[in-house]
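Going by TrEMBL, these are the annotated features:
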- 55-286: domain 'Dynamin-type G' (DOMAIN)
- 444-532: domain 'EH' (DOMAIN)
- 476-511: domain 'EF-hand' (DOMAIN)
Amino acid sequence: MFSWVSKDARRKKEPELFQTVAEGLRQLYAQKLLPLEEHYRFHEFHSPALEDADFDNKPMVLLVGQYSTGKTTFIRHLIEQDFPGMRIGPEPTTDSFIAVMHGPTEGVVPGNALVVDPRRPFRKLNAFGNAFLNRFMCAQLPNPVLDSISIIDTPGILSGEKQRISRGYDFAAVLEWFAERVDRIILLFDAHKLDISDEFSEVIKALKNHEDKIRVVLNKADQIETQQLMRVYGALMWSLGKIINTPEVVRVYIGSFWSHPLLIPDNRKLFEAEEQDLFKDIQSLPRNAALRKLNDLIKRARLAKVHAYIISSLKKEMPNVFGKESKKKELVNNLGEIYQKIEREHQISPGDFPSLRKMQELLQTQDFSKFQALKPKLLDTVDDMLANDIARLMVMVRQEEAQMPSQAVKGGAFDGTMNGPFGHGYGEGAGEGIDDVEWVVGKDKPTYDEIFYTLSPVNGKITGANAKKEMVKSKLPNTVLGKIWKLADVDKDGLLDDEEFALANHLIKVKLEGHELPADLPPHLIPPSKRRHE
């Protein structure tokens, strides 16, 4: 058994989640998965070998979108600070990949220096050459948001074949490399420019197999009226449905992600709610980072197994002496049949196989005589890792999550609505009247009193049966009415006096207006006569 599982002493030395789980993942990869990848030349076909920095790095967020959709402004909005190398404008301004990361001082690290730094998870980007490295940099600065996450800004995606060729590197391949390693991919769209160019379509297709990481932001939504916004949203969902071939609907966040006043404030509440949902999603990344790395390692292992079966099958079909080239062409052309054969023989899901077209292209340049035959021991080792070691590591992740304080992204825009009157939903729903001196239910109490005295109160109180007759008129489900009863019966005597009945009706109104009920009754909603008993 591995030392990271069996030795309690080591756990005590490394109590933090990321260190311990990273150590476990690193050892599993180096000892069990990497030998299989190297034996069947996995790195030449799919993804470079993982390094220590890939297991230790902070969660990363990748921003992708056409030019002038607000990617750089979105980062500026999150960290509430300019970062080195930042350029914003309506034209295609960001022409580089910029990794915005935490550092003790502000500064820029150029791409060629970045890919030789063993502490950074970018060393394997060296394979994309100088054309890419000249357009890659790290902007580092001391910022509380960047203590927890790193953000990757990308060049604006253009339209037309000419622009794609002129980049000098494979843009989609670079994004695919990042997609494998980041925790969240945010696709930004401008409410005024919904056209999805050929290059953008190609990029989204390159993100296949990472749909679970993708979130979509419809930015600059404050610049159009509500009716137009509905049409734009529908058009966006239709366009994405044709490119992202999944039965699930991708999550789209609507808003205006910058610090300027809203041009058309009609949908302010919608924008606030959407922003909070997106912020919660980003804030959850540090806590779920270990699970994401675990999940990505499992996906990688499954792909490596399938790749081994493909390569060994091709090796088995090759002649020893004559006719190698003609047989190679035949095998590449019939790769789809080989896929089906492997699928049947080894009970592998079709979704685990790499892209047929891409695999055929890569095989054209390979020397099949150098391929290795099937080595069951290597595959058994990976199967053992998936069946046993990963399960143990999963338990360790859960245990350490329970022991550690809740981790969330802090600082910047994330702190702007945490507390005070500008917090999301402050003074609305059950929070209405939170700062009022008078009891907020009091203004409607005369109306509720008229109903109360028709329900045959005895000694100033009505029974649950009589209260139910009135409360069910709201048509709310019994589960909701039961919760309202529990909140309104402040003294827990199974009866409601006039104040408690008024409170019950107030909570029914809150629910009917679309707000959530509180788990516990807030102090400002406690009836005045009951407060002296608190």
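Residue numbering: from 1, along the chain as shown.
Keep in mind that glycine also has a Cβ here, set from the backbone N, Cα and C atoms.
Since the structure is predicted, the reported quantities are computational estimates derived from the model, not experimental observations.
In terms of DSSP helix, strand and coil, the domain 'EH' (444-532) has 53 helix, 5 strand, 31 coil. Counting same-chain residues at least six beyond the ends of the domain 'EF-hand' (476-511), those with a Cβ under 8 angstroms from any Cβ of the stretch are 429-430, 432, 440-442, 444-445, 448-449, 451-452, 455, 457, 460-464, 467-468, 517-518, 520-521, 525-530, 533. On the 0 to 100 pLDDT scale, the domain 'EH' (444-532) averages 91 in the predicted structure.
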